[in-house]
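Below: the structure, in structure tokens.
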Amino acid sequence: MADRAALEDLVRVQGERVRGLKQQKASAEQIEEEVAKLLKLKAQLGPDEGKPKFVLKTPKETLTGKYGEDSKLIYDLKDQGGELLSLRYDLTVPFARYLAMNKLTNIKRYHIAKVYRRDNPAMTRGRYREFYQCDFDIAGQFDPMLPDAECLKIMCEILSSLQIGDFLVKVNDRRILDGMFAICGVSDSKFRTICSSVDKLDKVSWEEVKNEMVGEKGLAPEVADRIGDYVQQHGGVSLVEQLLQDPKLSQNKQALEGLGDLKLLFEYLTLFGIADKISFDLSLARGLDYYTGVIYEAVLLQPPARAGEEPLGVGSVAAGGRYDGLVGMFDPKGRKVPCVGLSIGVERIFSIVEQRLEALEEKVRTTETQVLVASAQKKLLEERLKLISELWDAGIKAELLYKKNPKLLNQLQYCEETGIPLVAIIGEQELKDGVIKLRSVASREEVDVRREDLVEEIKRRTSQPLCIC
């Protein structure tokens, strides 16, 4: 080992010598001579058997066959070995793979992360190629509709607390859709592609959807008409009960199971106090192939802006459903773990909030800073640093401008631009009096606060929770 260590030192020294000659722009002959010596030393060193070899392997692509016609929006890649890979399309499929790989059968979790879609961006509608999703999922074997009802309760709580306007959550069931297609005469091979067409009913008219199904997807006109009789219906639990009495739909086993679960779901939603936010909508199809039961999608009922303003066309802001078979696709033995979850479109929410604030001519607050420590005269940097340190130690979110002698006007303008609500101003007179001048940026009111009382006064004034509405 000692001989090898000495040889490694010689290789290192010779390598440095070669690099030095190159930097000095020595003659080609001299460099070649030293390189030859380096190669000879390396040959004597031989292969290093003692060091571990690390092979970094990118995980295989796992997204194929999970998203139906939306698969065209997946970013496909190839690694250097030619293996097919993809950027993640959503957080649901990676979550299912995680459950299968770790043999988990029961978990409740949330996850916020980036996903990618090969789509045409529309900034005003909150549609991007790279964006964040916030997911919540419940995995495990439980009694019917209890986890599903909780997911819908969470979705309603989130959207209500964001105060982005009135919303409606549409619900349906893939089993009802499949049963409906079957009794209407759609062949099994066309179920998913017709499902994708029906899902467009929230954007285009029934006539346009029918033309697509007949003209582009080869569906018989009379079959399309039978589908139209169903998918244009929406309502509450009364519609569920009506369809349970439908002479054809009630004879289909899948549809009957779905309708039974929806009836139970509405009972739980009533107990949760959110049934008025839910609509049973037979046009909701959610084209992702992994859904197996209840599906839902939240849409805004009206634009959160003043009357007369242009509507905010951001589409759905949250969606989800039950996917009982997805984990089994990744398990070597095909073991299934029932799952249900929801996904919130973070950028779409931001788009709504930003447009609403613009319509109301309000500025977007871009910081959580509670107070800016400012000075009214020059040569007060040390005093600003002392004060901001006191505020930081007390848990106050404070900042200052990174200038020795900033102008007071510039400091006040910075607060207005970023939305900092308070300014703690130090001046020569304030230092003599043992006070700090606390200024409200919104009202421009100024009061003198004793230095020992400053922390409590800032906390009192900024104790109201932040609201993005």
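Every residue gets a Cβ built from N, Cα and C, even glycine.
Just so you know, TrEMBL annotations never went through curation; they're auto-generated.
Going by TrEMBL, these are the annotated features:
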- 3-59: domain 'WHEP-TRS' (DOMAIN)
- Asp90, Leu91, Thr92, Arg117, Gln133, Asp137, Arg286, Tyr290, Tyr291: L-histidine binding site (BINDING)
- 350-377: coiled coil (COILED)
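Shown on the structure are the features that TrEMBL records.
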residue : record                   : Cβ contacts under 8 Å, 6 or more apart
Asp90   : L-histidine binding site : Val115, Gln133, Asp135, Ser343
Thr92   : L-histidine binding site : Asp135, Asp137, Tyr290, Tyr323, Leu326, Gly341, Ser343
Arg286  : L-histidine binding site : Asn172, Arg174, Asp199, Ile295, Glu297, Ala319, Gly321
Tyr291  : L-histidine binding site : Arg174, Gly321, Arg322, Tyr323
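Counting every protein chain shown, the Cβ of Gln133 (L-histidine binding site) has 20 other Cβ atoms within 10 Å.
Summarised as a single figure, the pLDDT of the domain 'WHEP-TRS' (3-59) averages 72. Residue annotation for L-histidine gives Asp90, Leu91, Thr92, Arg117, Gln133, Asp137, Arg286, Tyr290, Tyr291. The furthest Cα pair among them is separated by 21 Å.
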